[in-house]
Every structure is written in C-alpha cells, then in structure tokens.
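So the structure is just underneath, and the comments pick up after that.
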Amino acid sequence: KPPHTDVGCLPTVNAVTIHNPAVPFNSPESTLGRHLARRLVQVGVTDVFGVPGDFNLTLLDHLIDEPGLNFVGCCNELNAGYAADGYARARGVGACVVTFTVGGLSVLNAIAGAYSENLPLICIVGGPNSNDYGTNRILHHTIGLPDFTQELRCFQTVTCYQAVVNNLEDAHELIDTAISTSLKESKPVYISISCNLPGIPHPTFSREPVPFFISPRLSNKMGLEAAVEAAAEFLNKAVKPVIVGGPKMRVAKACDAFVELADASGYAVAVMPSAKGMVPEHHPHFIGTYWGAVSTAFCAEIVESADAYLFAGPIFNDYSSVGYSLLLKREKAIIIQPDRVTVGNGPTFGCILMKDFLAALGKRLKHNPTAYENYRRIYVPEGHPLKCEPKESLRVNVLFEHIQRMLSGDTAVIAETGDSWFNCQKLKLPKDCGYEFQMQYGSIGWSVGATLGYAQAAKEKRVIAFIGDGSFQVTAQDISTMLQCGQRTIIFLINNGGYTIEVEIHDGPYNVIKNWNYTGLVDAIHNGQGKCWTTKVRCEEELVEAIETATETKKDSLCFIEVIVHKDDTSKELLEWGSRVSAANSRPPNPQ
C-alpha cells in the first residue's frame with residue numbers, strides 16, 4: 001500500500017522491486033497480461049474489482065497470477081465501478097475489469113461519477129478477438145451491427161484517454177500511456193484488450209516494466225509572483241477576510257498548503273460541503289461548512305459578511321450553491337482553481353499550481369484573525385436533541401448524536417446521496433477520520449460499492465456507512481462481496497420508506513418504495529458464510545445496545561443496523577435545501 005492518500009500520485013516508495021529486469025522472450029511471463037498486472041501493482045493497485053465475462057477471462061488468468069494483485073469479483077459491473085471509485089479515494093488510484101459492451105456500458109455510470117470527482121480510475125475491458133476488427137462480422141454482446149466502436153464512443157466523453165489494444169506491436173505503449181495519463185490528469189481512462197492477446201509473449205514485454213516517472217507540473221514563476229502580489233494586496237487591505245476550501249484541493253494536492261495558509265494568515269477557515277474531510281476540523285480557526293442557507297450554524301454569516309473571501313478549488317453547481325442562492329459577490333472573491341487564479345473581477349493568472357500559490361501567499365499575508373474573533377463573539381454552542389421518552393420512536397437527530405461518539409481516527413464515514421449528506425455534514429470529524437461522499441454526480445446507490453472499495457483499500461480503518469433505503473435497493477447485492485472479503489464495516493440503513501431527498505424537492509407517489517425486510521435480506525446473503533451481524537433498531541435503547549455490540553463483541557464482523565424512522569423525519573437543512581433546489585429546477589423558460 002502506498003504511504004499516501006493523494007489522488008493520482010505515485011507511491012513515494014516503489015510498490016514493486018525489480019529483481020530480474022530481463023525476462024526471456026517466449027517465457028510465460030513476457031506477455032501483455034503480465035505487463036498490465038505489474039503496471040497496476042507498481043502504481044499502487046493491489047485489488048482489482050470486476051465481473052468475469054467471456055471476452056476478459058484470459059486476461060483475468062494473468063491478473064490473478066500476479067502475486068501482488070487480488071481480483072475482487074463483484075455482483076455487477078456498476079458496483080465494480082463504484083468499488084474502484086471508493087478504492088481510488090482511499091488509495092489514490094483504482095481499477096476495474098469488465099467484458100465487452102454489456103459489461104462496459106453497465107460500468108459506464110460509475111466511470112462518469114469518477115470523472116466528475118476527479119478520480120484516477122483504470123477501466124479495463126476484455127475486447128473482441130483481434131482478427132474480428134476490420135471485418136463485417138457481427139459479434140454477441142453488441143447491438144447487432146458490425147461496428148465495435150459503440151462502447152469506445154460512449155467512454156470517450158467520460159474518460160481522459162482511450163486505448164484500444166488489438167495488436168501486440170503498440171500494446172506496451174498504449175497501456176503505459178493510458179495508466180500514466182490517468183495519474184497525470186486524475187481522471188478515468190479506458191483500456192480495451194482483445195481477448196486473444198493477453199497470453200501471447202512479445203519482445204516488448206521481455207523486460208520488467210520500469211517504474212513510471214511522471215514529470216511534475218511547474219508553475220510559471222513570473223505569473224506566480226504577479227498573482228501572489230495581486231492577491232496579497234487584495235487580502236491585506238481587507239478588514240475581515242476568510243478562506244474556504246473546495247473539492248478541487250484534492251486533485252490539486254493542495255490540502256497541506258491550504259492548512260499552512262490558514263496557520264499563517266489567522267483567517268477564519270471554512271469548507272464547502274464537498275470538501276468535508278479535506279481540512280482538519282480540529283484546526284483552531286475552523287468555523288464549519290459553508291453551504292449557503294444550510295451552512296453550519298454561524299458559518300454562512302461570517303463568510304457572506306466578509307469583505308474578502310478566498311475560495312480554493314470550489315465547484316459552484318446548483319446543489320453546492322443551494323439552488324444558486326449564495327450571497328457572494330465576485331468582486332470580493334479570489335477564486336483559485338488547480339492551475340488558475342482570479343482576483344476579484346480580474347485579473348486572471350494562468351499556469352499557476354494551486355499548491356504553489358497557497359504556499360507563496362501564506363508568506364505575504366498579514367496575520368488577521370478578525371473574522372474568527374467575530375465568529376467567536378456570535379457563536380452559541382449547539383443544543384442537544386430533545387430527550388427520548390422510554391421506547392419512543394427513534395429520531396434521526398438522536399441517531400447522529402450517538403454516531404458522533406463512534407468517530408475516531410480509526411474510522412471513515414461514507415455518506416450516501418440523500419438526507420445522509422446533511423446529517424453527516426454536521427458530524428465533527430476527529431483527526432485522521434476519513435470522510436467521502438459523491439456530491440457532484442450524486443448517483444443513488446453509489447455508497448454500497450464505494451464502501452466495498454474504500455474498506456478494501458484502507459483496511460486499517462473501520463468504515464461507517466449511512467445509506468438510505470431507496471439507495472440501498474439500487475446496489476444491495478455487493479454486501480455479498482463485503483462478506484467474501486472479510487470486511488468489518490458498520491452499515492446504518494436508514495429506513496424511512498422512500499426517496500426522502502426527492503420528496504423535499506418534488507413529492508409524488510413515485511417517491512414511495514416497497515419496504516423490504518432489510519436485515520432478512522442481508523441474513524440471506526450471509527447464508528452462514530463469513531462474519532455478519534444484523535439487527536433492527538426502533539428506539540434509542542435499542543440503538544445504544546446495537547452500537548455497543550457492533551463496536552465490541554462484533555467488532556470483527558460486518559454489522560448491518562437497520563434504523564427505522566418516520567418518513568417525515570428529516571434534517572432541517574434538507575427541508576431548506578430542497579425548497580431552494582425545487583425553485584431552481586422549476587424556473588420558467590426565458591422569454592424568446
């Protein structure tokens with residue numbers, strides 16, 4: 001395991017040692033399949049998620065023959081893609097293997113999500129026999145046309161590089177270019193490998209692959225100096241400036257530089273919702289999550305009343321802006337993207353790396369804790385939920401009060417799309433506690449596969465996942481894979497009878513779903529194989545007992561806790577957010 005969690009970053013210590021650079025030609029080891037397997041191990045992938053199909057079976061033989069590589073068979077391709085997404089979040093890069101078209105188009109939604117979240121993900125597809133290219137043949141697993149490019153064309157819009165390997169002469173170059181491009185761009189790539197090629201020796205594979213050297217990107221020094229000077233002048237004349245971290249800090253590898261800037265400046269520090277977990281919440285000047293009208297208490301008031309705000313790596317979409325209702329003014333903002341800085345309404349400086357800019361800016365700013373001091377003056381500690389009566393139906397706010405006490409540096413939180421977004425945002429993360437959710441793409445069901453992948457990559461942490469009943473019904477099957485891998489995740493299944501987040505945006509009978517016996521389903525999947533414990537919780541007393549069991553006597557088991565709550569029991573933030581997003585969605589057409 002590489003000793004880092006930077007997305008798209010090579011291990012600081014090589015993940016593989018080259019003992020014998022020369023591999024005799026025609027040996028079983030000088031093959032395309034072995035080269036790909038060794039490359040994956042080199043960049044830090046030790047688990048590949050996938051579903052076998054007739055076009056990728058030979059390739060899978062070579063992947064599982066690699067001592068450093070483990071194949072994790074999933075129940076469907078969509079979950080395999082989600083698992084690779086979760087793995088990339090914890091490990092820095094992930095990989096999945098599927099079969100031609102039927103597998104490729106099934107995994108496509110997960111690849112699109114990884115693209116939106118800037119995750120390096122290597123999607124490998126077993127393709128048609130090389131002899132079939134350029135012929136008029138019709139193959140199975142296609143739509144019945146003699147055209148093999150349908151899958152490729154679909155992937156072109158959600159990957160940064162596509163390699164179709166149907167001959168051995170350029171296979172080495174195509175595979176290496178694809179993997180290195182994924183790491184450099186921090187985006188998914190697509191590699192299709194003809195089903196008859198993985199086991200054939202070729203001279204280009206007769207040597208052990210030399211570890212990648214990815215040329216570092218550099219800032220334009222003159223541009224960097226000019227940008228820092230303009231930004232420092234802008235911020236030093238402000239009375240109560242603040243800084244806000246955004247989700248693109250991860251792809252820019254600028255989280256440490258952001259914290260250094262916070263230390264040097266003394267400014268109040270907030271994060272956007274999709275950047276939660278990227279900034280240590282124990283920082284002395286941390287004031288919470290800035291999310292417009294649904295921000296952490298007193299955070300929005302400080303940010304929006306500031307006379308200057310620096311946003312590092314923001315994404316202002318309709319969800320993060322709460323239906324485009326943020327009270328921000330461009331002339332007060334410094335917007336820093338991974339390679340560009342804009343100061344107020346201008347100027348803009350290009351070819352500047354975010355981490356270089358933040359590090360240099362921290363040395364030029366006057367220490368100014370005014371905004372944080374204002375926050376301390378108005379801050380009122382949060383209250384506690386109303387105490388439950390004996391055996392009273394469990395409320396969501398009481399649930400998360402108990403969840404807060406479970407968190408430590410040895411845990412990681414996975415929040416599914418839905419009300420878990422808002423409830424988990426209010427959790428205060430201890431030092432080293434992981435936190436992941438998929439805000440930009442927001443695909444329901446993502447968390448089941450992502451939990452599988454994250455737990456497989458970060459075995460030293462116990463993952464705690466919060467999944468709504470509607471989302472769970474989309475991807476429930478891969479609880480099976482978690483058991484097969486011996487994972488010890490704790491899953492809180494929030495059963496409120498429907499798609500609650502959609503109810504608050506626009507209600508209708510389609511948001512009510514068929515209730516399942518969720519614990520019974522997981523017990524059936526368990527089937528006596530692996531360590532698994534399930535329970536239903538209806539009141540606070542049962543919740544306390546369940547948490548105690550999951551963290552003590554069943555600490556080495558996968559624990560599935562079904563929490564039954566009222567269908568209208570939602571966070572106040574979702575109620576506010578839903579009404580604003582609904583208003584944004586229902587805007588009438590502009591006059592023609």
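Easy rule for this one: first residue shown is 1, then count along the chain.
Including glycine, each Cβ sits where the backbone N, Cα and C put it.
The structure displayed is predicted, hence computed values, not measured ones.
According to TrEMBL, the feature domain 'Thiamine pyrophosphate enzyme N-terminal TPP-binding' maps to 31-136.
Per TrEMBL, domain 'Thiamine pyrophosphate enzyme central' is recorded for 228-346.
Summarising the annotation, TrEMBL assigns domain 'Thiamine pyrophosphate enzyme TPP-binding' to 438-563. Per-residue pLDDT, averaged across the domain 'Thiamine pyrophosphate enzyme TPP-binding' (438-563), gives 95.
Close to Asn496 (Mg(2+) binding site) in the fold, though at least 6 residues off in sequence, lie Asp419, Gly468, Asp469, Val565, His566, Lys567, Asp569, each with a CB less than 8 Å from its CB. Annotation comment: TrEMBL describes Asp469, Asn496, Gly498 as Mg(2+) binding site.
Cβ neighbour counts within 10 Å, taken over all protein chains shown, single out Asp469 as the most crowded of the binding-site residues Asp469, Gly498.
The domain 'Thiamine pyrophosphate enzyme TPP-binding' (438-563): residue composition by secondary structure is 58 helix, 28 strand, 40 coil, according to DSSP.
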